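Enquirer: Please find one structure pasted underneath; my questions will follow.
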């Protein structure tokens with residue numbers, strides 16, 4: 001592949017792998033924090049966290065497996081930069097499975113916040129499924145074609161579609177959560193500060209994952225002859241994993257803030273916005289898998 005800028009291409013892969021490894025370490029730390037802070041969470045949430053950590057660990061191994069192929073096995077053979085290692089191809093579908101798991105988590109959160117409305121949830125789930133299918137197709141085509149030049153020539157649209165769908169789901173989730181939280185605000189409400197914090201957090205996490213996906217897609221479209229897009233793609237799944245784990249691990253802080261606000265409130269208020277971190281097991285309350293904002297007469 002004579003048109004490839006070798007230093008920038010190898011550099012992009014290496015830098016992407018290093019950042020991905022750092023974020024993978026953050027995923028491991030967040031997983032340990034979760035186990036310490038929420039031992040009474042439902043088994044389904046614990047399994048989700050274990051799944052996210054496992055997928056992230058395997059994904060990191062696949063990244064460094066592909067770098068071993070480029071930097072060690074094929075050292076000195078510049079033409080091999082065009083070859084797609086099977087480990088790199090598999091990393092695409094691992095990213096998609098992890099992303100799909102996170103999208104489903106937030107779709108369920110929207111479902112609960114919207115009082116079990118399918119109107120907001122179904123489009124998110126459908127687009128997430130399509131994104132997973134396109135990523136699986138990308139992995140299969142990469143393994144069949146075995147070179148980036150062939151992949152660009154034959155099915156360039158497939159990888160673009162997957163990135164576009166992923167970004168679209170992020171935007172839908174962010175807008176839906178923003179709408180649901182914003183609609184829970186009341187004029188002069190004592191809990192508006194807590195809701196504002198959730199809105200800001202929702203915007204930050206949604207914009208980070210969406211921006212990373214969009215930038216990777218732009219690099220793929222504009223500069224497909226180098227692997228800058230792939231270096232960025234290494235990082236995407238790590239951002240999704242951390243966004244989910246941070247969401248789970250910040251529940252106690254938000255709950256404590258809510259309690260401090262409610263404790264200072266007047267019992268004569270007609271309405272109060274109650275932010276409930278949904279608790280686990282044995283106390284006649286639901287799971288901690290989502291925050292539920294509701295208006296309650298007091």
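We count from 1, first residue shown onward.
Cβ from N, Cα, C; glycine included.
The transmembrane segment annotation in TrEMBL covers 12-33, 45-64, 84-106, 118-137, 157-181, 201-223, 229-249. Under the heading domain 'DUF6534', TrEMBL lists 168-252.
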Enquirer: Looking only at the domain 'DUF6534' (168-252), report the model's average pLDDT.
Expert: 84
Enquirer: Using DSSP, tally how many residues of the domain 'DUF6534' (168-252) sit in helix, strand and coil.
Expert: 70 helix, 0 strand, 15 coil
Enquirer: Please indicate, using numbers and ranges, the residues of the same chain that are 6 or more beyond the transmembrane segment (45-64) and have a C-beta under 8 Å from a C-beta there.
Expert: 16-17, 20-21, 24, 27-28, 31, 34-35, 38, 87-88, 90-91, 94-95, 97-98, 101-102, 105, 234, 237-238, 241, 244-245, 248, 280, 287-289
